[in-house]
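Report on one structure; see the data block that follows.
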Amino acid sequence: AAMALSGDLWAELPAERRIFCSVLLFSWAVYLWEAFLAHRQRRVYRTTTHVPQELGQIMDSETFEKSRLYQLDKSTFSFWSGLYSEVEGTMILLCGGIPFLWKLSGQISGRAGFGPEYEIVQSLVFLLLATLFSAVTGLPWSLYNTFVIEEKHGFNQQTLGFFFKDAIKKFVVTQCILLPVTSLLLYIIKIGGDYFFIYAWLFTLVVSLVLVTIYADYIAPLFDKFIPLPEGELKQQIETMAKSIDFPLTKVYVVEGSKRSSHSNAYFYGFFKNKRIVLFDTLLEDYSALNKEPAEGEDGENEETKSKTKNKKQGCKNEEVLAVLGHELGHWKLGHTVKNIIISQMNSFLCFFLFAVLIGQKELFAAFGFYDTQPTLIGLMIIFQFIFSPYNEVLSFCLTVLSRRFEFQADAFAKELGKAKDLYSALIKLNKDNLGFPVSDWIFSMWHYSHPPLLERLQALKDAKQE
C-alpha cells in the first residue's frame, strides 16, 4: 500500500520535478555505490598487513608497508573529497546555483554592452565564472593532495610557488581553448538547422584531432621541458624496435616529469607517418634527476623544484624501458588507439543526436530553474551532464573492461617481441616506484581498474619467461 501511495505521489508530480528528483537520486546512488566499493578496498588496505605468499618474490615487506599506507591515505582523502563534491553538487542544484550564475552572467555581459540577444557572449561569461568557481573550490583539495599526501610519501617535487604558477597557467591555457571552441560550437548549433547535430559532431571531431596533434608540440611544453633523447644506445635500440614493427617514429623526447612528481610514465602521439615517443625522466634510471646528486651551483634551478635525492635507484634499465615501450607500441600495432578513437566518436555522435531529440523539451530546462529561456549552453550541460549520467556510467564500465583486455593484449605483444622477462621486472619496478598496492578487492578492481592487477599481468608473462 505504501509503495502504491508513493507511486501515486510520484505520478502526480509535474514532469520537471520528476526529472530533477531522478537526477539527484541517481547522482547519490552512484556516489553511494562508489563509496561502498572504496570502503571494501580500504578494508583490504587495513587488513592486509603482511606480504602475501605469492608476492614474496616480488615485494619486500618495507615497500609493501609503504604502498599500503600510501594507498590508505589516498583512499581516505578520496572519500572526503568525493563527499564534499557530492554535497556541493547537490547544494548547487537545490539552491538554484545554475540559473543564478546564468542571470549573473547576463548582468555582467549587459554591463559590457551585450544585451540578452547576445546569448553566446553570456554563455562564455557563464563558462568562465563556472570554471573559476570550480578552480577555487578545488584548490584546497589539490593543495592538500600535493603538499600533504604526495609530500608525506615522497612523491611531490613542487614548491608552493611552482604549484600556483602551474595552476594559473593551466587555468589560462584551458580558457584559451575552451572559450573559442565553445563559442564556435554554440554558433554551429544555432545556425545548423535540422541537421545541426551532424555539423556539431564533425566540429568536435576536428577539434579533438587538432588538439591531439598540437598538444605535445605546443601545449605540453608550456608546463614541462621536453628535450630530444640524446644519441646513444637507448635511442638506437628504440629506433631499431620501432623499425622492426613498422612504427613510423620521427622523434623521441624525454620530459622533465621529476620537476612535478616522482611518478613515472611513457606515451606516444601523432598521426599517420609522424609518431613521437615521450619518456618521463623518472622512468629512465640513467636520466632521472632523482638518482643524481645536485651539482654545485644549481641552486637557482632548485628554487622551483625541491631536490629530494634518495639512496634508492629510481626508474628502469634500458632493456626494461624497451619492454615498456614494446607494450606501448603494442597498443598501436594492435589498433587499440584507432579502436578507442572510433568508440569515442561513435559515442559522441550518438550523444549529439540524442541532444538534438531532447533539446526541444522545455521540461528539461524548467527542471533546473530555466522557465522562460532555453539557452543552448545550459541545454548541453543539462543533457550531457545530468540526463546522460546513467548511460555514461554504463559506458565507463564497459570501457574499463575493454581497456583491461587491451592491456593484456599489449603485454602479449611485448612478449612476442621477446621482452617478457624485461617487462616482468619493469612492471615490478614501476609498481614499487609508484607505490602501487598489489592486493585489491575484486569488485573494486573490476569496476575501477583500467589496467589489470599486477599479479594477473605477471602471471600472464611468467609462462613466457619460463619458456
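Going from the start of the chain as shown, residues are counted 1 onward.
Placed from the backbone N, Cα and C atoms, the Cβ positions cover glycine too.
Automatic prediction, not curation, is the source of TrEMBL annotations.
Annotated active site per TrEMBL: Glu328, in sequence order. Taken from TrEMBL, the feature active site, proton donor covers Asp411. The Zn(2+) binding site annotation in TrEMBL covers His327, His331, Glu407. Per TrEMBL, the feature domain 'CAAX prenyl protease 1 N-terminal' maps to 41-225. If you look up TrEMBL, you'll see 228-463 marked as domain 'Peptidase M48'. TrEMBL lists 17-37, 77-100, 120-144, 171-189, 195-216, 349-371, 377-402 with the feature transmembrane segment.
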With an 8 Å cut-off on Cβ pairs and a sequence gap of 6 or more, do the transmembrane segment (349-371) and the transmembrane segment (120-144) reach 3 or more such pairs?
no
At least three Cβ pairs under 8 Å linking the transmembrane segment (17-37) and the transmembrane segment (377-402), pairs spaced 6 or more in sequence?
yes
For the transmembrane segment (171-189), out of 120-144, 195-216, 377-402, most C-beta pairs under 8 A are with 120-144
Fewest other CB within 10 angstroms, which one of the binding-site residues His327, His331?
His331
Counting only residues 6+ away in sequence within the same chain, which have a CB under 8 Å from the CB of Glu328 (active site)?
Ala266, Tyr267, Phe268, Ile277, Ala410
Let me make sure I understand the structure: which of the recorded positions listed (Glu407, Asp411) has the fewest other Cβ atoms within 10 A of its Cβ?
Glu407
Other residues with Cβ within 8 Å of the Cβ centroid of His327, His331, Glu407 at the Zn(2+) site?
Glu328, Gly330, His336, Phe406, Gln409, Ala410, Asp411, Phe413, Ala414
On average, what pLDDT score does this prediction assign to the domain 'CAAX prenyl protease 1 N-terminal' (41-225)?
93
